[in-house]
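Heads up, the thing below is written out as structure tokens.
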Amino acid sequence: MEVLGLFRLEVSGPMVTVALSVVFLALLKWYSTSAFSRLEKLGIRHPKPSPFIGNLAFFRQGFWESHMELRKQYGPLSGYYLGRLMFIVISEPDMIEQVLVEKFSNFTNRMATGLEPKPVADSVLFLRDKRWEEVRSVLTVAFSPEKLSEMTPLISRACDVLLAHLERHAQSGEAFDIQRTYCCYTTDVVASVAFGTEVNSQEAPEHPFVEHCRRFFASSIPKPLLVLLLSFPSIMVPLARILPNKNRDELNGFFNKLIRNVIALRDQQAAEERRRDFLQMVQDVRHSAATVGVEKFDIVRQVFSATKCPANPPRRHSPRPLSKPLSVDEVVGQAFIFLIAGYEIVTNTLSFATYLLATNPECQEKLLEEVDCFSKEHLAPEYCSLQEGLPYLDMVIKETLRMYPPAFRFTRVAAQDCEVLGQRIPAGAVLETAVGALHYDPEHWPNPENFNPERFTAEAQQRRRPYTYLPFGAGPRSCLGVRLGLLELKLTLLHILRKFRFEACPETQVPLQLESKSALGPKNGVYIRIVSR
């Protein structure tokens, strides 16, 4: 105050308030854009970000369309900001190979928001570093073809219920939204295979499991809260974790209790009495010493055997034994991920495949001929016969996943500073693979808008450039459930096409409008007619 007195200044309360307000506003203005110079420093092109929210408005139509626009405007390497978080988007095969395979040790972890609730955070999707490797190792054993073959009868039983519902639609002759029917079906499969519970969600929509699944997928973050989370993550994320959330807590509590009760019941049963489902497969390996090394984690490459091995395959690792058995929370977490993937991804892929077959009758006729020939030799299909005896069905599913990959974006986080093909990548950077932009690149896929299963003949796959087809990711952290997902898709379409054919009708939306808030799916359902054969 004495110093101020030399200049004959009097400091009043309002003046201090104004001064502090000016300082606060200046700091707020600086904060609103301070994170938005990083991409430019890296030499990565990107849309102009807005204060606080970054490029959030750029994605108002969904990530699918925006990824396509990023590729069109900025090429196979671009970036964007969601709030203060920087994303580097890649859709160039050589760079994808470096990130997912060659430099995997530096890009082991997926991005986590910090908002994942406890059961989901304990899943193999979000576990990190050493614990991820341990859990992935034992789960890779659990997802072996031998184990999956034991689950085929459970899926077939759910198919029988589905066929009964489709028969009613065939008799009516009216158009209907088959996506809604598939939603009920996949709910039944998830309940049976992952949660050890038999439901018929079409006939009993009020069943607690069905109702909680519906609430689980209907829940979302309100837009105002999303803006705050993105703009002030260091404050809002910890706050959101501790604030009460009745809906979240009720959902987590229901599924947690359900699985724990099933586990307790199974522990009292003799081994031969236990139901052979996904939950039991995970239970079997909880204390298992049977593990595999990281080089065995890439199940996707094993399934799509035509994919070439990398020039420099990952060095062999000794299997990492479990430092501690899988906790019950981790078992619950795996069932949660099965719910997310088994419901949304399988439902949408079945819907897209149905749409493509209905609007491409010549392809459907070819597939029906194959189904009829297969059915003469295999009345009750088994896992191995499904993999080997239906090559055209396999091609149809692969082309469906090229055109409409449900999991069309996935992330990896750089653990340390590095260079990828000359591009500097700082530690902590999130790299996002734009699968849709890759799958619609005419350099790799001529006439990409056309449905053409012949792209996936054995000869065509051998000629294709590696890392241009990524519906399930690639590398050691690729989709663990790819075998189970393909099994469900093949078995379901086989059962349906034995009895019915799909037909487009005036209500069929051509082309389909898409939504891509999380997984890629039809925006307005898939309306078709189904006809008995």
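Including glycine, each Cβ sits where the backbone N, Cα and C put it.
Because the structure is a prediction, the values reported are computed rather than measured.
The topological domains that Swiss-Prot gives for HIS207 and GLN513 carry the same name, which places both on one side of the membrane. In the three-state DSSP scheme, CYS479 (heme binding site) is classed as coil. Here the transmembrane segment (76-96) sits apart from the transmembrane segment (11-31); fewer than 3 CB pairs are under 8 Å, leaving out pairs fewer than 6 apart in sequence.
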